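For reference, Swiss-Prot has these:
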- C27, D207, H232, E236: Zn(2+) binding site (BINDING)
- K268: ATP binding site (BINDING)
- 29-39: motif ''HIGH' region' (MOTIF)
- 265-269: motif ''KMSKS' region' (MOTIF)
Amino acid sequence: MLIYNTLTRRLQEFNEMHRGRVNLFVCGPTVQDHFHIGHARTYIFFDAVAKFLKLEGYSVFYLQNITDIDDKIINRAKEMGIEPSEVAKIYFSEFQEDMKRLKVDSVNFFARATLYIDEIVSQISRMMEKGYAYETDDGVYFEVRKFKDYGELSNQSLDQIIAGYRVAVNENKRNPEDFVLWKKKKAGEPSWPSPWGEGRPGWHIEDTAITETYFGDEYDIHGGGSDLIFPHHEAEIAQMRSISGKRYLAHYWIHTGMININKEKMSKSLKNFITIRDILKDYRPEDLRFAILNANYRTQIEFSKELMEESKKLIDYINDTYRKLEYVNGSGNFKIDVNSVISEMRSLAENDFDFHSVIVKLLAITGEINRNFEGINKEVAEELKKVYLWVDTFLGILEQKKEVSKGIVDDLVELRTRMRKEKNFLISDAIRDVLKKNGIHIEDRGDVTVWWQE
């Protein structure tokens, strides 16, 4: 299996650290507002990654942090007139609900930052002991110039990074590029005890404290949006490697591209900010999963109504065809080598999680099924369903429908056929309309009528 590694900027063969086991960490959200389709892109993609790795036979532990204290949460609490912890509780619950609706259910554990203060303090203390961190009047900072590989992930030299920080925004810091590890307490803000006085953690430190707790000082895969490469992920590497002295924090770094809305960057200031809840008012979870997974994960997605409408149409096409296979009554000898098809799809997905090519292959098979439908018998139909179910294991694009009573529908279809033969079109049309209202699609093929659930 090949993975594009942001750290090395090339495709690399995937070799797990521990045979058959993969430790995967993806940066979770800051729980202070409604979640948008940019979040959806990252979490849907890594949900598919985790599920595909499991399908490949790996035992996957998928860990995600939850930032439940930071400046944004504190400011949001002031706006809402409640405690920061309440803000975090409200929006973490909303996040879980959104993910459930999107079929993102592969995360093994959500680690809330405020439950790891002791681990955070331990890491900062070790950085100070090794000379990488220092205390000031307002907090504790990491001295970037001490870590010579800083900038490797984002493909910048340390000199370039230093040159980019020309103005010191905090006179307490030794150098403008240094980042905060611990913020000393301010009036009215939540705080926890530490050797440097009451305070709270900086943003970057929570992730390495959490991953060290569960994975140790290095692990297999770290994921997140490409907007986190610098400075967030760069800082994570500096923190953990300054303590461990090892070459890697994560062996593979995977980053998803950003989303543009109507060819403009999605942002609140441009008022083109789309929440997950808003998009799900007009489209199904499967439509959004399809739109996201049908794009190369490293590219930008040009998000638009046209994209969603096309995704909706193709999801209908895939699901209608899959459901038709439930009710096939052909007697022909049409065949497809299902094992070969699945093997080809597996190879496509193994090439840097190329889910787009998997979807292209699925659509090609779907077209072939529809062109040869009358030549498909029940045994072949059962085999063909395996292709859709295999793909759905990680892409999650088959729509869940309430089952209808096959016996009742068969009786109604038989009655309608009899009424048509007797030219009693009033009743036959009425039966058709009743079936349609209940999501049953019927198709007359000469003297034979086939039906499937839409």
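Sequential numbering from 1, following the chain as shown.
Yeah, the Cβs are placed from backbone N, Cα and C, and that goes for glycine too.
Model, not experiment: these values are computed from the prediction.
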Mean pLDDT across the motif ''KMSKS' region' (265-269) comes out at 73
Taking the Cβ of each of the binding-site residues and counting other Cβ atoms inside 10 Å, which one has the highest number: D207, E236?
D207
Which residue counts does DSSP give the motif ''HIGH' region' (29-39) for helix, strand and coil?
3 helix, 2 strand, 6 coil
CB neighbours of C27 (Zn(2+) binding site) within 10 A?
21
Which of the three DSSP states, helix, strand or coil, fits E236 (Zn(2+) binding site)?
helix
